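> One structure coming up, written as structure tokens, with questions to follow.
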């Protein structure tokens, strides 16, 4: 049976994709057949092949399997806004059955599947359904990405607590340095490590340019999962 993990973040723009690429690289190095999955993405660009989302493309590149774009990202929207808003505006409902079918298809091909969410934990997919609902439905172990900056401790603890209250496994967390480390960086890391009830899988240093394309798998200790 495939190993499956869901990557969420303490907020949008905290480095979920950077961490997801690092995790995929580490899993590939460990000998797994890996697949990244971004079931819903907004903020995509028009290309000759159709809409393409940069996060989904990064997952596609960092998967060890050769996957079609639509397999990695079945729901793609142009406007960078909450999926439930643009989905309703375009008359394209996001269906959990389609999301789950995509996951099943990847599980048939890969033995290590990483699913990346959109935004934070409770990102709405419709007026009545959130990403959290789908993850709970699928019973996916969760990896939390924390963008290390002022305010991250509270956001990390709130997210970790609600994940556990949903009855899900918080499998681990990844620290992502979204800015050059400040003078309190070490204290933030010490506090987060003490308070988050899951192992620290690794810390990805601040990378000024194209972090999704960097060799970041070396920062991840996959043995802790």
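Backbone N, Cα and C atoms are what each Cβ position is placed from, and that goes for glycine too.
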> Among 55, 68, 177, which residue shares the Mg(2+) 2 site with 17, 116 according to Swiss-Prot?
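For Mg(2+) 2, Swiss-Prot names 17, 116; of 55, 68, 177, the listed one is 55.
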> If you measure from the Cα of residue 207 (ATP binding site), which of the binding-site residues 17, 116, 188 is the nearest?
17
> Whole-number Å distance between the CA of residue 55 (ATP binding site) and the CA of residue 17 (Mg(2+) 2 binding site)?
6
> Considering only the binding-site residues 16, 116, 118, which residue has the minimal Cα-Cα separation from residue 42 (substrate binding site)?
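Going through 16, 116, 118 one by one, the closest to residue 42 (substrate binding site) is 118.
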